[in-house]
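What Swiss-Prot annotates here:
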type     : residues : note
SIGNAL   : 1-12     : signal peptide
SITE     : R90      : site 'Transition state stabilizer'
ACT_SITE : H94      : active site, proton acceptor
BINDING  : H262     : heme b binding site
Amino acid sequence: MTSKGMCPVAHGANTEASETPMAWWPKALNLDILHQQDTKTNPMGSSFSYRDELKKLDVGALKKDMKDLLTNSQDWWPADWGHYGGLMIRMAWHSAGSYRIADGRGGAGTGNQRFAPINSWPDNANLDKARRLLWPIKKKYGNKISWADLMILAGTIAYESMGLKTFGFSFGREDIWHPEKDIYWGSEKEWLQKSGGKGSRYSGERELSNPLAAVMMGLIYVNPEGVDGKPDPLKTAQDMRVTFARMAMNDEETVALTAGGHTVGKAHGNGNAANLGPAPEAAPIDEQGLGWMNHKTRGIGRDAVTSGLEGAWTTHPTQWDNGYFNLLLNYDWKLTESPAGAHQYEPINIKEEDKPVDVEDASIRCMPMMTDADIALKMDPEYRKISERFSKDQAYFSETFAKAWFKLTHRDMGPKARYFGPDVPKEELIWQDPIPSGPKSYDIDAVKAKIKASGLSMSDMVTTAWDSARTFRGSDKRGGANGARIRLAPQKDWMGNEPERLARVLAVYEKIGKECGISIADTIILGGNIGIEQAAKAGGFDVKVPFTSGRGDAIQAMTDVESFEVLEPLADGFRNWLKESYVVTPEELLLDRTQLMGLTAQEMTVLIGGMRVLGTNYGGSKQGVFTEKEGVLSNDFFVNLTDMNYLWKPTGQNSYDIVERNTEKTKWTATRADLVFGSNSILRAYAEVYAQDDNKEKFVNDFIAAWTKVMNADLFN
């Protein structure tokens, strides 16, 4: 029997009394970023198709309900000036604004604002209220609209309701069901930690570490009060230029988005931030997932506290106009503090009619305000030029903003093939990485015969297909084999693609493409499949690798070279290659690439084993090629990896000899990207499965399945 008052259940990993199993070994390789590919957390089941549900959606009715909601103020969280537009726009902005181009992670594509840590970032204070306001609509339309789509649609409809002609909107974002484990948000240990201390994201002359875009832990972009909270518009302008560039925005888009975001709505800081309760993830259970609750003062409407800044930016904060630039450029601004103590600017000698009215009482006029980021648009010479142009041409500003808003909210959706709905714009935009449709009606057998007779080696064919497809990122759906951009700048010159070998192989494929009416993109994949079929047959397995036709060939004019630079692989453990030595270990780099490609730990394992014995290492390296039958698709890598007749001896930072225990003779060489599959307990478990005598055929079949997944990852149709 247990003593009275003792806990009657075993403490799980979600309690303060227990750590996760791996917490005892913090330096051990953490495979959690690959395990999140599991579908067990998804309540919709494997047969659910969001695209099919979208086809049932009454878009017109949804838009009407959304517009009605915007002006239906609720007592528990009243709308400023009777319109929730500003709140919904901020929610959508902050959902999309977490995107960064370096790894394609973040952004609005998954509805991740519902989960930690994003739902509890200081910069997202009170956006939980926006999502709760949307709940009646989500409840009504159910599976036919994802949270991810609904949040972005809410912001877009809000702009339309206030007078902006938007550029378009696409449905198609699918929800996740748990926090993302793969996104590195920074190493700071406290919210809004200033730069320069332990774990700072900055080094040298304020160099922001990759892949980060935001300037502080818990912010979406820059600190509105100034760098590290110290007002200095010119320094803030430098931060803005870096941050927005890492969100794929140029100077004009930066000014447009900042001004357009501040044309409507207001900031809230009319009170004491100390009165706010904890963020949602730390809030008491009776708050039911709401955070920042104020039980000490009124805390809503004109008395709400969110960012700590207080006031509207424009005279008419519920309508789309050029009021932002009118106030910013036509008045001088002085530094002051909000009632909550935040640094902000107020205009000098402002006309009474230029002041916005109070959110609750239209007979009261209030002082507008600007942040350090707003004043930066006036003080920075380049931003000032753009601001002046927008000020003089509202139509141009509106058009530029509408396109920038569309880019901001759709950048992580990938190519246009993933778009859905009646408001998808017809115009092709270069940041969408456009790809023309490819031919489907050609004689595949004739093409295969020509490839086989071309003189290309199995390694040439498999390697070229892999290099073409490996650029795919499941984060923002960019890259991949479709488009055959491996033959265009910048990819054709990337070190990891071995340009000389690549040019030789592509010359053969281009000739075959012209003769047979097949795209180069399809030819590359078909060649890789042929190589695998040949290697499997040499091992005694007569298989056919699945092939899907229809890939198109992009041209250089469709390719933004600078935009594609971020896709360059700096390491590829599947080909046992590092461009140079990094602080991060080779096995961690392998995990990151695996996760971006949308692969599981099991798929990574079987692919590594197959790629090694096929002889596809970079530069023909023999490291990790644990077989006497290179070029034969066999499970030899795993058989020899798990063989206790061998010892592993380090010979350098990332090099090892595999030595026979009895003779001390070196049998093979390896890297950390090889050893990890025998060292890590989880990966070794997979390796042992494939090393078994009765799983030789399973290995071949699983390798082909994983290979096909990689080759087809970007075929969204």
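Residue positions begin at 1 at the first shown residue.
Just so you know, glycine gets a Cβ as well, placed from its N, Cα and C.
When each of the recorded positions R90, H94, H262 is scored by how many other Cβ atoms sit within 10 Å of its Cβ, H94 comes out lowest.
Reduced to three states, the DSSP call for R90 (site 'Transition state stabilizer') is helix. For the pair H94 (active site, proton acceptor) and H262 (heme b binding site), the C-alpha distance works out to 13 angstrom. In this structure, the C-alpha atom of R90 (site 'Transition state stabilizer') lies 9 angstrom from that of the residue listed as 'heme b binding site'. Classification of the residue listed as 'heme b binding site' by DSSP places it within a helix.
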